[in-house]
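Engineer: According to Swiss-Prot, the region 'Disordered' annotation covers 1-108, 277-357, 413-435. What Swiss-Prot lists as compositional bias 'Polar residues' is 98-108. Per Swiss-Prot, the feature zinc finger maps to 174-196. The feature motif 'Bipartite nuclear localization signal' is assigned by Swiss-Prot to 243-260. Residues annotated as phosphoserine in Swiss-Prot, with a large-scale study or a structure entry given as evidence: SER338, SER340, SER342, SER403. Residues or ranges marked as compositional bias 'Basic and acidic residues' by Swiss-Prot: 416-431.
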Amino acid sequence: MAEPTSDFETPIGWHASPELTPTLGPLSDTAPPRDSWMFWAMLPPPPPPLTSSLPAAGSKPSSESQPPMEAQSLPGAPPPFDAQILPGAQPPFDAQSPLDSQPQPSGQPWNFHASTSWYWRQSSDRFPRHQKSFNPAVKNSYYPRKYDAKFTDFSLPPSRKQKKKKRKEPVFHFFCDTCDRGFKNQEKYDKHMSEHTKCPELDCSFTAHEKIVQFHWRNMHAPGMKKIKLDTPEEIARWREERRKNYPTLANIERKKKLKLEKEKRGAVLTTTQYGKMKGMSRHSQMAKIRSPGKNHKWKNDNSRQRAVTGSGSHLCDLKLEGPPEANADPLGVLINSDSESDKEEKPQHSVIPKEVTPALCSLMSSYGSLSGSESEPEETPIKTEADVLAENQVLDSSAPKSPSQDVKATVRNFSEAKSENRKKSFEKTNPKRKKDYHNYQTLFEPRTHHPYLLEMLLAPDIRHERNVILQCVRYIIKKDFFGLDTNSAKSKDV
């Protein structure tokens, strides 16, 4: 008994194609043999029977019941497909057009077209094979014509492909300009306005929501946020008057000069040290001297000589070469030149002081010159006078003979010049290609200034006031001849 089959089943002797892959049936007995297997395989398959039901059990196969087809043989080429296609027969896969490549039921004509045109991707071989799952290039065997794989990105979900619709902006009829909010109806607007509060400051009339008022107070009334207010004519006139007082006119310049002279007479000659980023760009700063080597060439040579002398192991390292000690030195110069930047980490073992200054006053100044912010006790540096052989009576003598400091200065100069020449020659020998860089090499080794501590920057006004008080005390001691050394009282009064 014949079993019911679907429309796509074939008669006995044909293998079903699960993926609609054409198969080759047995050749007819009358077909002439080919020279090679390829030409034999390229022959079109025989057409399927018109009826969908299977033949009876004792019947012969369809290939034997039908009359044999005469295949047209051409030497060296397969027969054309159109010559053996019968009505209702399915052409081979290679001969199908992309539009008519769908599987057709047995009862439908071949001129049927679907609403969406589909086509099957063909492999690179001559015969189409089953698609392999491990090949990502042929993972999807077919696509709609208008959604081709070359132009469509299937990695994105379909929701993202669609364009997002623009949301309609809400329409507000009531606005609060202070809070920058809008409301749709009068009730919400009235509720919001009832939540407005006033700024807690007395002179401020700002009203807004509580959170907005908090931001307003932080930005306008917080400590350190006070700004110039020129709302009334009186405030504008007061501000203009202050500007006129500080404007650098000739009268204001003369007035400032007089104030400066009065401070110098009192002994308050120090000013508050300025700290900031632009301090390194000043005229006498360390960075300015490095960037402009030509302007301070003499100063660099003097420092190089001093370093050469202090670096040597000779007996001249006990002297501080800051210049020849003057016979009539002003003790104010010791504290004027000693600001926060003059404190070095490495203190000299010995120092030369002027003859007029007494040991008690020198110890006071040396202990004061130490770092005030340090926790440890200030260490007193040992003081060595210029000439121990000369006694105190030579200080009182105005017509004293020439001090041996001049001979020491000449010896130091000759020694430093010889040292610098030897240093230059050794540098040229070791680096013959960098003779031109000797000047730059010499300017790099300059004394580093002391980096100010945070405590020094915070207490800069107090430090300036304290040092000015000490300078006034020193001035008073010299004028009144407190120690009984009537050296040059007349000259000190003129100062």
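Here the Cβ of each residue, glycine as well, is placed from N, Cα and C on the backbone.
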Engineer: How about long-range neighbours of the motif 'Bipartite nuclear localization signal' (243-260): same chain, 6 or more residues beyond its ends, C-beta under 8 Å?
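Structural biologist: Distal contacts: none.
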Engineer: Do you know the mean pLDDT across the motif 'Bipartite nuclear localization signal' (243-260)?
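Structural biologist: Here the mean pLDDT over the motif 'Bipartite nuclear localization signal' (243-260) amounts to 90.
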Engineer: By DSSP assignment, list the helix, strand and coil residue numbers for the motif 'Bipartite nuclear localization signal' (243-260), in that order.
Structural biologist: 15 helix, 0 strand, 3 coil
